[in-house]
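S.K.: Annotations for this protein, taken from Swiss-Prot, read as follows:
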- 9, 10, 17, 88, 89, 90, 98, 123, 124, 125, 126, 127, 128, 129: ATP binding site (BINDING)
- 9, 41, 73, 87: substrate binding site (BINDING)
- 17: site 'Transition state stabilizer' (SITE)
């Protein structure tokens, strides 16, 4: 059985991520989407929220599971019996970074095989960080997000704006 892990922070999951998940689910018998913690990215959603959002977005893909973990991806792969690490590449910068990560993973576990998927042209410019930046400045990014995640993002940004206004009002008193 071909089992793969697709790790990422997915904050938020984009249509580019979802496309990779669909393509991976067609290639592998089982695909585990691993929602990782990366506090340096200043997460908009909690890990639990991201897991729930992704589960909803992939609900039609029977061979896809959504899990969360901390620590080394190769350790996760060993725990769940995965032989393949799935990664998406948007550009040469991604390739250089992912090549180095793949080499380190292979050093840590010589059974870890990284499989690269090239992003489709319509998704090559996307990143969760860019989408958060655009939407926080008032831009409409709904064309790049699954519907459930677009709604969650709108709600979260509205909550943050209301909190900011409340703090500003308290300072003005």
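Including glycine, each Cβ sits where the backbone N, Cα and C put it.
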S.K.: Which residue, out of the binding-site residues 9, 73, 124, shows the minimum number of other Cβ atoms inside 10 Å of its Cβ in this structure?
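M.R.: Comparing Cβ neighbours within 10 Å for the binding-site residues 9, 73, 124, 124 has the fewest.
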S.K.: State the Cα to Cα distance, in Å, between residue 73 (substrate binding site) and residue 9 (ATP binding site), rounded to an integer.
M.R.: 12
S.K.: Between 17, 87, which of the binding-site residues has the fewest other CB atoms within 10 angstroms in the structure shown?
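M.R.: So among 17, 87, the binding-site residues given, the one with the fewest Cβ atoms within 10 Å is 87.
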S.K.: Roughly how many Å lie between the Cα atoms of residue 128 (ATP binding site) and residue 87 (substrate binding site), rounded to a whole value?
M.R.: 15
S.K.: List the binding-site residues among 9, 98, 124, 126 whose C-alpha is within 10 Å of the C-alpha of residue 87 (substrate binding site), in sequence order, or say none.
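M.R.: Cα within 10 Å of residue 87 (substrate binding site): 98.
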S.K.: If H, G and I count as helix, E and B as strand, and all else as coil, what does DSSP give for residue 128 (ATP binding site)?
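M.R.: In the DSSP reduction, residue 128 (ATP binding site) maps to helix.
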S.K.: Would you identify the secondary structure of residue 87 (substrate binding site) according to DSSP, in three states?
M.R.: strand
S.K.: How far apart, in angstrom, are the most distant Cα atoms among the ATP-binding residues 9, 10, 17, 88, 89, 90, 98, 123, 124, 125, 126, 127, 128, 129?
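M.R.: Value for the max Cα separation, rounded to a whole number: 18 Å.
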S.K.: So of 98, 126, which of the binding-site residues has the fewest other Cβ atoms within 10 Å around its own Cβ?
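M.R.: Lowest Cβ count within 10 Å among the binding-site residues (98, 126) is 98.
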S.K.: Counting Cβ atoms within 10 Å of each candidate's own Cβ, which of the binding-site residues 89, 128 comes out highest?
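M.R.: That would be 128, with the highest Cβ count within 10 Å.
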